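A.B. asks: Sharing a structure below in structure tokens format, with a few things to ask.
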């Protein structure tokens, strides 16, 4: 391996080296853009930005506590697809299907709430605060309102002008194993610890049956999937606790993932604590009751397994809160647009 690496370095004119240099340049460019973010960015142009966002987010979450998870998820889904540029908020057009209308984003919520916060900021500071910054602030405030940690949010992101459903393959797959998850996070500059920590966001919210029905019923015959007389293969994922799987089958009965009732039915990611930010999610995963395959697979990697078991002990809640805050800061800097890049949208769902 070392010899091969040396050979590649010596091939000064090779396509391989050019590719390496391009990656290095892009990484430096991304790091430079992130460095332009500043917690004091709006101090002169919109000094009340954080108070306005916090007040509106507080009002919304107190009325609908489940929206805390929605705001956190919006920020996550935005940052993992072409960076934290609010592209997830853009509407589809006649000739383009946007991110929000992709299959992975079909259950995203909170768009109207974000639009409401944007309207408040436009009234106070017209054309100043980006939708990307609003997502970052609302995610932070939502976690804090759910009794989780808070952290300083560096600001100055600008909004992207493009959004394509085709790019949503960049999102970490819910049905993926831990190795796929590690690769997906590494592609965004996040390491295996960030994976273990940010998975803890699933202490909030729910998942719809199609997201995990394959773990309950295994493969479905082509006849069943097409509405014929085929039968389900009710092989439960061996990584899923049998009693927990039984309860889930009582809730999600379609199995094929195409039953209308199942599509509208959801299960708590952190049963009994899905509106409170805490470490109980890790206790469920440790007991083989992680709802999603990607969560369950955290037990299959030496580092993530160790982190799950430590968090599940209940003796390191403070450490997890600190870790989560740091990982969120890293995630919120992925692929940001700054300076004269992008724009400041007047409405978050359409370009200017």
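Glycine residues also receive a Cβ, built from the backbone N, Cα and C atoms like all the rest.
Sharing the record's features from TrEMBL:
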type	residues	note
ACT_SITE	77	active site, proton acceptor
BINDING	78, 81, 83, 85, 87, 99	Ca(2+) 1 binding site
BINDING	172	substrate binding site
BINDING	202	heme b binding site
BINDING	203, 270, 278	Ca(2+) 2 binding site
DISULFID	46-125	disulfide bond
DISULFID	79-84	disulfide bond
DISULFID	131-348	disulfide bond
DISULFID	209-252	disulfide bond
DOMAIN	36-352	domain 'Plant heme peroxidase family profile'
SIGNAL	1-35	signal peptide
SITE	73	site 'Transition state stabilizer'
A.B. asks: Using other CB atoms within 10 angstroms as the count, which residue among the disulfide-bonded residues 46, 79, 125, 252 scores least?
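C.D. replies: Selected from the disulfide-bonded residues 46, 79, 125, 252 on minimum Cβ neighbours within 10 Å: 125.
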A.B. asks: Compute the average pLDDT of the predicted model within the domain 'Plant heme peroxidase family profile' (36-352).
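C.D. replies: That region's mean pLDDT is 92.
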A.B. asks: Report, as a single number, how many Cβ atoms besides its own are within 10 Å of the Cβ of residue 77 (active site, proton acceptor).
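C.D. replies: Taking every protein chain into account, the count is 21.
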A.B. asks: List the other residues in this chain whose Cβ sits within 8 Å of the Cβ centroid of the Ca(2+) 1 site residues 78, 81, 83, 85, 87, 99, in sequence order.
C.D. replies: 77, 79, 80, 82, 84, 86, 88, 160, 163, 167, 335
A.B. asks: Quick check for the class: what is the C-alpha distance, in angstrom and rounded, between residue 131 (disulfide bond) and residue 270 (Ca(2+) 2 binding site)?
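C.D. replies: Residue 131 (disulfide bond) and residue 270 (Ca(2+) 2 binding site) have their Cα atoms 29 Å apart.
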A.B. asks: Which one is closest to residue 84 (disulfide bond) in space, judged by CA to CA distance, out of the recorded positions 46, 202, 348?
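C.D. replies: For residue 84 (disulfide bond), the spatially nearest of the recorded positions is 348.
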A.B. asks: Should any of the recorded positions 83, 99, 209, 348 have a Cα within 10 Å of the Cα of residue 77 (active site, proton acceptor), which are they?
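C.D. replies: The recorded positions passing the 10 Å Cα test are 83, 99.
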A.B. asks: Measuring CA to CA, name the entry from the recorded positions 46, 78, 83, 87, 99 that ends up nearest residue 270 (Ca(2+) 2 binding site).
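C.D. replies: Smallest Cα separation from residue 270 (Ca(2+) 2 binding site) among 46, 78, 83, 87, 99: 78.
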A.B. asks: How long is the line from the C-alpha of residue 209 (disulfide bond) to the C-alpha of residue 78 (Ca(2+) 1 binding site), rounded to the nearest angstrom?
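C.D. replies: Approximately 23 Å lies between the Cα of residue 209 (disulfide bond) and that of residue 78 (Ca(2+) 1 binding site).
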A.B. asks: Do you see any of the recorded positions 46, 73, 125, 202, 203, 348 whose C-alpha is within 10 Å of residue 81 (Ca(2+) 1 binding site), and which ones?
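C.D. replies: Neighbours among recorded positions: none.
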A.B. asks: Counting other CB atoms within 10 A of each CB, which of the recorded positions 81, 84, 209 comes out lowest?
C.D. replies: 209
A.B. asks: What are the non-local neighbours of residue 278 (Ca(2+) 2 binding site), defined as same-chain residues 6+ apart in sequence with CB under 8 A from its CB?
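C.D. replies: Listed in sequence order, they are 147, 148, 203, 270, 317.
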A.B. asks: Roughly how many Å lie between the Cα atoms of the residue listed as 'heme b binding site' and residue 348 (disulfide bond), rounded to a whole value?
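C.D. replies: Distance (Cα to Cα, whole Å): 26 Å.
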A.B. asks: Cα-Cα separation of the residue listed as 'substrate binding site' and residue 73 (site 'Transition state stabilizer'), in Å?
C.D. replies: 13
